[in-house]
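**Q** Below: one structure in structure tokens.
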Amino acid sequence: MSARLVVLASGAGTTLQAILDATADAGFGATVVAVGTDRHGTGAQRRAEAAGVPVFTIRLEDHPDRAAFNVATAERIAAHQPDLLVLAGYMKILGRQVIGRFPAVNTHPSLLPAFPGAAAVRDALAAGVKVSGVTVHWVDEGVDTGPIIAQRAVPVEPGDTEDTLRVRIQGVERGLFVATIGEIVRAAPARPAAAQVPAEVHVQEES
């Protein structure tokens with residue numbers, strides 16, 4: 001039975017598209033049953049609609065506080081009965097109302113625990129590191145602090161700018177994220193909503 005994915009995205013939806021493309025293969029083991037956004041008119045929304053996937057939008061500014069936003073988000077997610085929540089470029093920090101209810105995975109453009117937060121690529125360059133990379137991790141209530149599932153290194157080249165390094169990282173990020181999601185959904189049956197943080201899943205890295 002195919003696992004049910006709800007994907008949350010805020011931007012152009014390139015990672016969402018990679019997930020949609022992968023799940024078009026029945027052997028992948030999962031189906032995107034809904035896409036959630038935090039604002040109207042995003043590329044992610046257009047990509048989901050083009051694929052015939054239901055879309056819902058929950059905006060923080062439409063709620064009296066962040067707790068109410070999280071409750072509303074959780075209820076819309078729950079309506080689609082997901083086995084796994086996927087954060088694909090989603091730019092809101094989710095609280096326990098969501099994270100405590102659904103197992104969720106995210107991807108981050110650094111080798112965590114180094115360089116958490118929104119400026120990871122810039123911070124890596126400022127620190128002068130020779131290697132950055134990508135991390136796929138379970139989501140907890142912190143910022144990029146959840147248990148690490150898989151990582152892949154991306155060398156920092158001489159003369160790299162924030163833009164050039166980000167583009168290379170994103171190219172690796174999409175492939176690793178899709179592969180890791182596939183490993184997760186094929187490794188275990190659907191989990192109840194109140195499941196504990198799942199065991200680590202290892203994805204073989206390319207040489």
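Using N, Cα and C of the backbone, Cβ positions are placed for all residues, glycine too.
In TrEMBL, annotation is done automatically, which means it is predicted and not curated.
Per TrEMBL, the feature domain 'Formyl transferase N-terminal' maps to 4-180. Under the heading (6R)-10-formyltetrahydrofolate binding site, TrEMBL lists ARG66, MET91, LYS92, ILE93, LEU94, ASN106. As annotated by TrEMBL, active site, proton donor applies to HIS108. According to TrEMBL, the site 'Raises pKa of active site His' annotation covers ASP144.
Are these features on the surface or tucked inside, and what touches them?
**A** If you average pLDDT over the domain 'Formyl transferase N-terminal' (4-180) in this model, you get 97.
DSSP assigns ASN106 ((6R)-10-formyltetrahydrofolate binding site) to a strand in the three-state reduction.
Cβ neighbour count for HIS108 (active site, proton donor): 24 (other Cβ atoms within 10 Å of its Cβ, all protein chains included).
Under the three-state DSSP scheme, ASP144 (site 'Raises pKa of active site His') falls in the coil class.
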**Q** Roughly how wide, in whole Å, is the group ARG66, MET91, LYS92, ILE93, LEU94, ASN106 that binds (6R)-10-formyltetrahydrofolate, by largest Cα to Cα distance?
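**A** For the residues that bind (6R)-10-formyltetrahydrofolate, the greatest Cα distance is 20 Å.
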**Q** Give the number of CB atoms, excluding that of LYS92 ((6R)-10-formyltetrahydrofolate binding site) itself, located within 10 Å of its CB.
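**A** For LYS92 ((6R)-10-formyltetrahydrofolate binding site), the count of other Cβ atoms within 10 Å is 18.
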**Q** With HIS108 (active site, proton donor) as the reference Cα, tell me which of the recorded positions ARG66, MET91, ASP144 is the closest one.
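**A** The answer is ASP144.
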